[in-house]
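Please read the structure below before turning to the comments.
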Amino acid sequence: MASKNMVNPAVEPSMEDDLFAREVAEVKQWWSDPRWRYTKRPFTAEQIVSKRGNLKIEYPSNAQSKKLWKILEGRFQKRDASYTYGCLEPTMVTQMAKYLDTVYVSGWQSSSTASSSDEPGPDLADYPYTTVPNKVSHLFMAQLFHDRKQRHERLSAPKSERSKLQNIDYLRPIIADADTGHGGLTAVMKLTKLFIEKGAAGIHIEDQAPGTKKCGHMAGKVLVPISEHINRLVAIRAQADIMGVDLLAIARTDAEAATLITTSIDPRDHAFILGCTNPSLQPLADLMNTAEQSGKTGDQLQAIEDEWMAKANLKRFDDAVVDVINSSSSIRNPKDVAAKYLQAAKGKSNREARAIASSLGVPEIFFDWDSPRTREGYFRIKGGCDCAINRAIAYAPYADAIWMESKLPDYEQAKEFAEGVHAVYPEQKLAYNLSPSFNWKTAMPRDEQETYIRRLAGLGYCWQFITLAGLHTTALISDRFARAYSEVGMRAYGELVQEPEMELGVDVVKHQKWSGATYVDELQKMVTGGVSSTAAMGKGVTEDQFH
């Protein structure tokens with residue numbers, strides 16, 4: 001009969017402290033690797049080890065993470081780039097593996113094509129948070145399968161014949177979209193755990209508020225304070241450390257185009273928050289509440305808000321100070337005073353900036369950032385590249401790479417961002433979204449399109465990606481084939497699909513072999529002693545027509 005006080009056989013109490021100390025030493029040794037030379041951890045090895053269980057699990061994600069780091073480190077040092085695109089499904093991941101050294105999993109694509117609720121929708125991160133990890137698993141399992149299949153094929157051939165066979169690296173590291181983390185810090189940690197368990201090598205997380213998250217190229221984006229996003233990055237690193245994995249964390253900022261922020265609590269955000277400079281106006285929220293109570297609705301309310309905004313003369317505090325300096329008759333050499341103010345106020349809180357302005361003899365300034373707040377309570381912010389740089393510098397010690405979401409494929413803006421970040425952290429790796437939301441034809445001529453990736457790489461953008469290329473290429477060939485098929489029947493399949501597959505040597509033309517039928521036949525034969533009357537690739541298989 002079992003004892004009520006059974007001892008855990010995995011832990012000998014007399015050795016528990018020694019085992020703990022040994023594991024702490026191992027973690028400290030791990031963290032001393034050059035891989036972590038720029039990484040800041042606000043927690044200790046003791047804290048990490050105490051959160052681990054007794055069973056040590058080796059995650060494939062760790063091997064993939066190390067591989068990804070080696071790729072990006074090498075590319076960055078050479079001012080080169082790894083570039084890829086959003087992968088939809090296993091067929092695509094096997095074809096990408098021939099030519100590209102990383103794979104991207106897009107939250108946008110997953111939202112529209114692979115939600116774990118089966119309910120499609122736009123990129124608002126309102127799908128279950130298992131959605132993107134499940135897509136990572138879908139692709140990673142395919143990578144593992146095709147790697148096994150290829151290895152079996154090669155080892156089944158004489159060594160002298162193997163040079164004629166494919167030797168594709170199917171295990172390309174996967175970087176996935178973690179959106180805003182789908183909740184609080186424990187949600188971020190659980191999401192990170194899921195990604196690691198599913199095989200991701202890296203994840204990116206953005207500084208938007210979770211409940212109002214938008215695609216990077218939609219309006220209405222609401223930022224969280226810098227401190228909150230740093231906490232998310234720390235949560236990712238802590239969870240990966242608990243699991244013993246070198247997972248890459250990429251910090252994305254949406255500050256370039258953001259117009260709102262949840263709170264003014266972080267002084268690092270103060271310089272970018274907009275305030276009303278018209279003292280004659282009542283707070284917007286009060287005005288709107290009164291209008292609603294009087295029966296105003298819809299367009300009437302919008303007109304009232306638009307009129308208030310036009311009169312409010314919203315400005316950043318620094319801009320308000322400079323305007324007062326330039327218009328004040330009591331200030332001599334306004335240009336010099338403005339320069340002194342801007343230099344002294346950089347990075348300061350609003351309270352400190354007010355004190356600096358006063359010390360320079362600037363008249364008292366009316367600046368009220370509470371007055372323009374939205375009905376949800378959000379503060380208004382003037383984003384821009386300078387705002388994104390400010391955030392990127394704050395995130396850098398906690399992120400392996402940084403990405404600024406932008407409105408256009410603007411090389412000069414990309415250069416400004418890179419130079420701003422590298423002025424403080426010269427070794428910071430950068431990422432860039434080669435978005436299909438951009439109109440590339442109007443953005444730049446074709447010769448510049450061809451060199452754009454290379455030019456960005458020279459600035460330190462060592463990982464670049466087209467988020468939705470999988471979606472768009474699938475839509476394009478589907479539309480083209482469906483139209484032709486409806487018009488000319490099987491001729492469309494021959495001309496648009498099968499013949500090009502054969503001419504280009506696309507392995508999927510032999511789809512039975514591609515799917516692993518030969519490999520699975522060999523599994524059956526192994527189990528049945530070498531003979532199987534039901535082998536899928538035996539006599540009669542129609543794929544013989546393609547030899």
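Using the three backbone atoms N, Cα and C, a Cβ is placed for every residue, glycine included.
Swiss-Prot has this to say about the protein:
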- C215: active site, proton acceptor (ACT_SITE)
- S106, G107, W108, G216, H217, R252, N433, L434, S435, P436, S437, T467: substrate binding site (BINDING)
- D177: Mg(2+) binding site (BINDING)
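Sequence features, as recorded in Swiss-Prot, placed on the structure.
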residue	record	Cβ neighbours (10 Å)
S106	substrate binding site	26
W108	substrate binding site	23
D177	Mg(2+) binding site	27
N433	substrate binding site	22
S435	substrate binding site	21
S437	substrate binding site	16
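DSSP classifies the residue listed as 'Mg(2+) binding site' as strand under the three-state reduction. DSSP assigns S435 (substrate binding site) to coil, not to a helix or a strand. Calculated from their C-alpha atoms, the gap between S437 (substrate binding site) and D177 (Mg(2+) binding site) amounts to 17 Å. When the binding-site residues S106, W108, N433, S435 are screened for a Cα within 10 A of the Cα of the residue listed as 'Mg(2+) binding site', the ones that qualify are S106, W108.
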